[in-house]
Structures are given as C-alpha cells and as structure tokens.
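Undergrad: Positions annotated as signal peptide by Swiss-Prot, on the basis of sequence analysis: 1-23. Residues or ranges marked as AMP binding site in Swiss-Prot: S88, Y174, S338. The IMP binding site annotation in Swiss-Prot covers S88, Q144, Y174, T336, S338, N363, and the record cites experimental evidence as its basis. If you look up Swiss-Prot, you'll see S88, Q144, Y174, T336, S338, N363 marked as GMP binding site, on the strength of experimental evidence. Feature annotation from Swiss-Prot assigns active site, acyl-ester intermediate to S88.
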Amino acid sequence: MQQRQSILWGAVATLMWAGLAHAGEASPVDPLRPVVDASIQPLLKEHRIPGMAVAVLKDGKAHYFNYGVANRESGAGVSEQTLFEIGSVSKTLTATLGAYAVVKGAMQLDDKASRHAPWLKGSAFDSITMGELATYSAGGLPLQFPEEVDSSEKMRAYYRQWAPVYSPGSHRQYSNPSIGLFGHLAASSLKQPFAPLMEQTLLPGLGMHHTYVNVPKQAMASYAYGYSKEDKPIRVNPGMLADEAYGIKTSSADLLRFVKANIGGVDDKALQQAISLTHQGHYSVGGMTQGLGWESYAYPVTEQTLLAGNSAKVILEANPTAAPRESGSQVLFNKTGSTNGFGAYVAFVPARGIGIVMLANRNYPIEARIKAAHAILAQLAG
C-alpha cells in the first residue's frame with residue numbers, strides 16, 4: 001500500500017512539474033521587453049499616461065508590449081486589440097486612399113483641385129493641385145478651420161473665399177483643412193463618400209479589420225478613453241473633415257500591420273502601387289522630406305534631426321520648401337498624431353525591416369515620443 005502511494009505521489013509530482021514547465025514555455029519573456037520597458041516605463045510615470053500599447057516589428061515578427069489601463073473607471077487593461085484615437089497618423093491612411101485613387105485612374109496629383117469639386121470652380125483652387133493639398137503646400141491653409149466653420153455649407157464657403165498667402169508649392173504649412181480636402185476630393189473621384197470607402201475598401205485591403213472611422217457598437221468595449229490634462233475621460237469631437245484628417249481609431253496590432261504593409265508590401269497590386277506612391281518625396285524642409293502622409297529622413301538619423309523635423313516650428317509655422325533630398329537606400333518614415341486625449345507615434349525603416357507603433361491614451365509631448373521611439377529603434381537596428 002505504501003509503495004502504491006509513493007508511486008501515485010511520484011506520478012502526481014511528475015505531472016505537476018511537467019505542467020509548470022509547459023506553462024513556462026507558453027509565456028517566455030520577450031527578449032525585446034527590457035529594451036522597450038527601459039524607454040516606456042519612465043515615459044508612463046513622467047507624463048502620467050494611464051495606458052499605452054507598443055508594437056514592434058523586427059525580422060518580420062510582431063512583438064506587443066501593453067501597459068496600464070484603457071479605462072480608469074472599469075479598470076480594463078490595455079491590449080494590442082485596444083482601440084486608440086491616432087489623430088494625424090490618420091493622414092497616412094488618407095494619403096494611401098488618395099494614392100489608390102491615382103493608381104485606379106480616378107485622379108492625378110497634378111489635377112487642379114476644382115476639377116474634382118464643381119463648387120470650387122472660380123476659386124483659388126483652380127490653381128492648386130491635389131498633390132499640393134496632400135502635402136500642405138497649397139499656399140498657407142491654416143492648421144485648423146476657424147471655429148465658426150461648423151457645417152458643410154460654411155466649409156464650402158470658407159474654401160471658396162480663401163486666398164493663398166504664398167505661391168502654391170512654395171511653402172509648407174501643416175494643415176488639417178489641406179489634407180482633409182484632399183481626402184474628401186479623392187473619395188469623390190472614386191464616386192464614394194470617404195468613410196465607407198476607407199472602412200470597406202482600403203482598410204480590409206490592408207488587413208486592418210479592427211480599424212474604424214466610426215467605431216461600431218460591437219467594438220465600443222475595445223475603445224479606450226483618452227484623458228485630458230485635468231484627467232477627465234474624453235474622446236474626439238466631430239468636426240469638418242475630421243474623418244479625413246484625424247479620425248481613425250485603431251489598435252497597435254492593426255497599425256503594425258499597416259507598417260508591415262509599408263515595409264513588405266501587400267498582395268493587391270493597386271494597393272501596393274499606392275503604398276509606394278506615398279513614400280515618394282515631394283519636397284524637403286530641413287532634414288525632413290514630405291511624402292504623402294509620411295515624413296521621411298535619411299537613415300541612420302539622429303535624435304536631434306527627428307526632433308527638429310517634428311518640432312513646433314515645423315508643425316505650426318510656414319516653412320519654405322526645397323527640392324526633395326536624396327536619401328539613399330535607407331530611409332526612416334514617421335508620423336505623429338494627437339487628439340485632446342490621445343498621443344500616437346509610428347516610425348519604420350524598410351531597409352532594416354524594423355518598425356514601432358506607440359499608442360497612448362494621453363496627449364503627451366511629441367519630443368518624449370520621439371526620444372523613446374528613437375532609442376528603441378536604435379536597439380532594434382543594432
């Protein structure tokens with residue numbers, strides 16, 4: 001009897017040990033975690049960020065690192081499926097949609113904007129191209145619409161009366177009304193409204209099945225709350241051409257799929273050509289070269305150069321344009337994005353096969369995002 005009990009307990013112990021060993025194998029520590037934690041943990045503390053989803057691409061493999069909460073009230077944790085507002089990172093998808101319209105023959109970047117909107121005939125947009133709208137070089141359109149422009153009728157009236165401050169193409173003035181109009185007219189050239197075209201054609205083609213302009217009821221539980229400077233839960237408000245300029249909500253997993261598509265391509269030939277078109281430089285401002293949506297730098301790139309290209313001077317002021325710089329075979333593409341309650345950053349280097357997505361539910365300084373991402377990418381490239 002005693003021998004049988006010894007055998008039984010031995011068998012149980014063996015099974016328990018095997019189970020523990022198997023559990024250990026199922027969740028090994030990601031070798032990149034110390035690298036990511038070293039940059040992200042101090043960021044969360046310093047800027048009181050409730051939650052952040054970081055996704056990293058290296059050697060074709062996705063790595064996910066999630067921190068904090070998506071909703072302070074419910075305590076729901078952040079995951080790679082949590083939906084964040086990505087603000088102006090949306091512009092890279094709007095640009096891809098516009099490039100897709102070009103590839104499909106619905107429009108050309110050299111087309112005058114009024115060609116695709118009869119209501120613009122006789123305005124300054126008879127002399128401004130679609131490409132200039134896409135690259136913020138229409139001649140000084142402002143960062144935002146004036147507050148009183150709160151309807152489609154007022155929006156059309158605003159564009160019809162607007163007069164350029166600079167010759168089209170001569171200056172970059174970062175502008176939601178500029179790329180917003182580009183996205184609106186690009187969708188019109190394909191005979192569809194922007195949001196359905198984005199959600200039903202472009203996003204599925206990119207494999208982004210958990211990305212939305214308008215978050216549907218069944219996905220609302222995944223939609224994080226942003227937090228204001230006063231720590232109040234907030235989400236983006238509707239606005240004129242908000243969908244086109246800063247309206248996308250997505251997860252770190254989906255946004256990394258977009259990065260992967262920009263690095264390795266997609267099966268859809270037209271969509272692949274569109275992605276390639278967004279990478280082409282139109283002009284340079286300092287060390288930054290402006291593509292469609294994406295902004296690029298010769299790689300390797302210093303932290304200082306990245307900070308300069310994403311500085312308040314570049315974002316808020318008009319800057320003279322120069323011929324696009326020759327960047328060689330290695331290029332870093334990046335884009336920042338913010339809403340009142342969210343802060344995003346995306347960067348990738350196709351030649352190295354590395355990329356990073358950082359999504360937070362607080363709008364924290366762009367400088368801090370750049371420094372953290374640059375440090376992580378440097379380790380990935382090493």
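Glycine is treated like the rest: Cβ placed from N, Cα and C.
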Undergrad: For N363 (IMP binding site), write down the residues of its own chain that are at least 6 apart in sequence and whose Cβ falls under 8 Å from its Cβ; none is a fine answer.
TA: G226, S338, T339, N340, G341, F342, G343
Undergrad: Taking S88, Q144, Y174, T336, S338, N363 as the record's GMP-binding set, what's the max Cα pairwise distance in Å, rounded to a whole number?
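TA: The widest Cα-Cα gap among those binding residues is 19 Å.
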Undergrad: Taking the Cα atoms as reference points, how far is T336 (IMP binding site) from S88 (AMP binding site) in Å?
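TA: So the alpha carbons of T336 (IMP binding site) and S88 (AMP binding site) sit roughly 6 Å from each other.
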Undergrad: Rounded to an integer, what is the Cα-Cα distance in Å between Q144 (IMP binding site) and Y174 (AMP binding site)?
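TA: With distance taken Cα to Cα, Y174 (AMP binding site) is 9 Å from Q144 (IMP binding site).
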Undergrad: Determine the most Cβ-crowded residue among the binding-site residues S88, Q144, using a 10 Å radius around each Cβ and all protein chains in the structure.
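TA: Of S88, Q144, the one with the most crowded Cβ is S88.
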Undergrad: Neighbour count, 10 Å Cβ-Cβ cut-off, for Y174 (AMP binding site): what number do you get?
TA: 20
Undergrad: State the count of C-beta atoms found within 10 angstroms of the C-beta of T336 (IMP binding site), not counting that atom itself.
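TA: Excluding its own Cβ, the number within 10 Å is 22.
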